[in-house]
């Protein structure tokens, strides 16, 4: 042996227990980036188990005698490795060099191939120094690729499929607006205000039920199967409503639809947040609100012939089964959430899904982000007491408060009673609904553009402030001292302003922000609780609105809504952090820090 070879043998023998302790601290899973790339493709991003790197009989690390035999034998067989070792040692100080294991292959019949499941590069034992430098440059180039944003086009098709439940949600919100009179005549409850109210609102009861159980469902069966489960009542419900000849059948169908309406948007919010790259997650989250607006407008246009064609209301219900069926089939072709797979311990599948979503060059960094917040407790069941009084109470309180303020802003009273306000200004109810839908869609499109530029927190603040101003104008328009025509036009303008400002932030942001601020372990159940709070308050606001309107009057009632909006502004400024451009793991680490 030459002096240089003896020196390298001595260097390997100097491996002390500090290196081994550091390896064990990584839970026996060491990212590939800490190893030499001599056995791995430069763009490989798998996690390399220690046990796979050592042949049987050598334990969880190579012994000192084993290292000596490996190195000495290797130099006797392949003296040219000397140059490769020195080239790599100058560029990878402190890393565990797997060239030792590769030399073992030369003396043990390539045993490593039988004990590792990862791809290998062709042997480079005999390559010259120029080839080594070329490969190092290639590795550096791939590291630079990781520092860039992944392509947004990879995840876009999956996001579009995931917005179908929100499209159906918006459609079923408006599907009974125009046909309600025809439905009541055909089913024999014309003039029964209670029955008409039940047809409209019973879907809210189903939505609450679906939302309450959505967290447990998506955690147990996964996001894709939860989408298919949500599609089932959205197919059965409209089919029952379209074919029924009794009020009871209509109510059953509407209740089934409500279950899908409660489950579907919850799964969509989780799924879109978990599969979207950080730099476009806000934009993709806005697609959910846009889909809701498109669904609402679609229901209005589909319902236009209802007064001219007898029984057309049955067609209005049947039309919605088409996108529900598409959802059930198309989601099977989509990726599963890699966050859910990682939470289930299926890391190999999570890496494969990340590769489809982000590209090969970004898988390693995505997996490293998941490992950063993996505290080993994801497999434990999440108890309700932990969400309501444990360490996660604050983020759950913030999320629930955002949905509460969303409903207490009075936005649903605007949607439900817009026709009356427009009629006072001489505008037909059909045009009133179209104007409201267009304002909602326009605001959602603007929010999509601004979400990843201005940020969620900023949009929330200005949206609630705009709602406060528009509600104040509504109350001012109810002043008895104003002229009738001027008051009607002011009320119409304030109503459209209310819808526009709501769709800029207070509408889309809470559903996007909740999956971002909740840790992976509690994300599904916490989102389900917060959305259920929104459904409950929505129900009581709708139930009490007319009673409060009679007792308080329009001016005082809208002033109360404006006060809630100002309270929301103060709450957001104090409690909500900005999440734009941050990965879900970075947000989780920030929220769990003592400074938050």
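Counting begins at 1 with the first residue displayed.
Glycine too: its Cβ is placed from the backbone N, Cα and C atoms.
Caution: TrEMBL annotation is automatic and unverified by curators.
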Stretch carrying transmembrane segment according to TrEMBL (options 227-249, 250-272, 342-364): 250-272
Candidate ranges 312-335, 384-407 [criterion: TrEMBL lists as transmembrane segment]: 312-335
Stretch of maximal Cβ-Cβ contact with the transmembrane segment (431-451) [cut-off: under 8 Å; candidates 156-173, 250-272, 284-306, 312-335, 526-549]: 284-306
Touch test for the transmembrane segment (312-335) and the transmembrane segment (458-477), at least 3 Cβ pairs under 8 Å: no
